[in-house]
Amino acid sequence: MKIYAVLLCLLLIAVPVSPEKLTGPDKAPVTCCFHVLKLKIPLRVLKSYERINNIQCPMEAVVFQTKQGMSLCVDPTQKWVSEYMEILDQKSQILQP
């Protein structure tokens, strides 16, 4: 039951911190974050991440993908974010053949 409460809170908070698709000069879609989530996300709900550092975006960010398919923008300078990225990298290396 706790996990559902956490996910509901994340969903309500994620609306303003989910990545936006913009169109670049070559008409290719560009993912940008305009706001970042301030609270720590439980590692157990995360599946993967993507770094956002496109020059067309207003801020550098990391987008975490949850196991439920949500995308959440977070501040890459926070210590827990870099720790989670390392853990997710290790998990993905173990899963690759």
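Numbering starts at 1 and runs along the chain as it is shown here.
Glycine residues also receive a Cβ, built from the backbone N, Cα and C atoms like all the rest.
For Cys33, the disulfide partner named by Swiss-Prot among Cys57, Cys73 is Cys73. Looking up Cys32 in Swiss-Prot gives a disulphide bond to a cysteine among Cys9, Cys57, identified as Cys57. It is 7 Å from the Cα atom of Cys57 (disulfide bond) to that of Cys33 (disulfide bond).
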